[in-house]
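Working notes, beginning with the structure itself.
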């Protein structure tokens, strides 16, 4: 068991790992957003001797070509060892791609991999913006390594510290591994409330076998420092001096935001785990746009299969959820489908009323013609037509349909909550124009006939009923001991591509004996899929199933 001060230092180390990985992810995305950037061309730029491998010396030469002279060969070697999958002391194109391609944006990753490359000869350079962005990314990697080494040294001088004791301090539920659940609990107990994204970044950085959790051997190898104490003190002094210089300059040739947060210099990474020990080259933690990258060979690897580069066979990982938790997840999905079906039927019944149109419905609440409606506008309008929702019900309705999170609904967002998914009725409703030319009305909904008013109120009541019940489902899942949203997403992602398709959702639900039609699956996908790409990403899945209200339903 470790003491409070040691726990605090361990917390600082883990937070630094997560922050560094998130900063690196933004740097990867900035590099890959440059339209002319192609990984193979960047690889050729650094591989000056043309032997399809990058050595630490070539990496150092690239940095010096870009006016970075404060990096040693040993630091570059440790960086190479971190991404070296076969421990030959060199980076292949696959290893290099692991370092520079984004983890969280799968679309950008695929676009970057599929870009045509251009030949870069021995004495050629990349365009200046690409050279700068690539240099920035490598420097940030080195900076994180050095900061980690300093924090490891601070941990190891504690009398009560050992890697096993640190592991047990995090794995307080005796699960035998570190996952987002017990990691979040450990950080929270030490005063740091980490987001799901930050937790995934920490695990992604440390995990080597791609199972989305950390075994003791992975954790111990990562946290062990191979530097002597005097060298760590030198690193700390150098790191502190460079941070001070960066703050004083407040700018640089790169204009990088990292310089305002931490040293722009290189950290050293020298423990034995830095070399990737597994035969599998890419792991779910470093290959997907969900928080973890996919473990299958990428298009870039397939195109190079005939070369000396290695590729791995996709292996279907076992569901991470316990069977009873997966059963509960499927029941929740089935209930969501029933709720969405009820809402769709209510919308269709309203759309069949020939006098109903979206313009007049919106004007019931937007009496000042501002083009948007707020919480107060909706509440007053509903009260005037005889509907009295609770504060929580109205908040849940707004959170679902407010796409830009400004806590107000524009006409398009309001319309989405009343337009059926069925294309026939959607087109029928969209073609209708305002039919109200009577000026100031006695009641707000006098623009509609009496039967239409009833249907209109019924849709509102259905909205509030469904949002309340959906929130109760979220809270029911969240309260299950050991239930984890990422593990739930993995259980739905049957083909391990980082997204959940309609077919995967159907197969999962039908595996528990529930039959669902195409229309029902589409209704559920429409609710969760925010970017309308036909698939559910982890971010969308988490947003849908994470509790939204502090009130118990």
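Every residue, even glycine, has its Cβ placed from backbone N, Cα and C.
Whatever TrEMBL says is automated annotation, not expert-curated.
The compositional bias 'Polar residues' annotation in TrEMBL covers 247-269 (among others).
Among the features that TrEMBL reports, compositional bias 'Polar residues' is placed at 279-292 (among others).
Tertiary neighbourhood of the domain 'EF-hand' (40-69): same-chain residues 76-77, 79-80, 88-93, 96-97, 100, 117-120, 122, 124-126, 130-132, 134-135, 138-139, 253, 300, 307-309, selected by CB-CB distance under 8 Å and a gap of 6+ residues from either end. Feature annotation from TrEMBL assigns domain 'EF-hand' to 40-69 (among others).
What TrEMBL lists as domain 'EF-hand' is 71-106 (among others). Taken as a whole, the domain 'EF-hand' (71-106) shows an average pLDDT of 89 in this prediction.
For 194-229 (among others), the entry in TrEMBL reads domain 'EF-hand'.
Through the fold, the domain 'EF-hand' (353-388) approaches residues 394-395, 397-398, 407-411, 414-415, 418-419, 429-430, 432-436, 443-445, 447-449, 451-453, 455-457, 460-461 of its own chain, all at least 6 residues removed from its boundaries and within a Cβ separation under 8 Å. What TrEMBL lists as domain 'EF-hand' is 353-388 (among others).
Annotation comment: TrEMBL describes 389-424 (among others) as domain 'EF-hand'. Remote same-chain partners of the domain 'EF-hand' (389-424), defined as residues 6 or more beyond its termini with a Cβ less than 8 Å from a stretch Cβ, comprise 344, 347-348, 350-351, 358, 361-362, 365-366, 371-375, 378-379, 382, 430, 459-460, 463-464, 467-468, 470-471, 519, 522-523, 526, 530, 548-549, 551, 553.
Shown for the domain 'EF-hand' (480-515): DSSP residue counts in helix, strand and coil, namely 17 helix, 2 strand, 17 coil. What TrEMBL lists as domain 'EF-hand' is 480-515 (among others).
Feature annotation from TrEMBL assigns domain 'EF-hand' to 516-551 (among others). Residues 106, 196, 289-291, 332-334, 336-337, 340-341, 344, 392, 395-396, 399, 403, 421, 471, 474-475, 477-478, 485-486, 488-489, 492, 498-502, 505-506, 509-510 of the same chain, all 6+ positions outside the domain 'EF-hand' (516-551), place their C-beta atoms under 8 angstroms from a C-beta of that stretch.
For 246-308, the entry in TrEMBL reads region 'Disordered'.
Residues in the domain 'EF-hand' (194-229) partition by DSSP class (helix H, G, I; strand E, B; coil) as 20 helix, 1 strand, 15 coil.
Across the domain 'EF-hand' (40-69), the DSSP tally of helix, strand and coil residues reads 17 helix, 1 strand, 12 coil.
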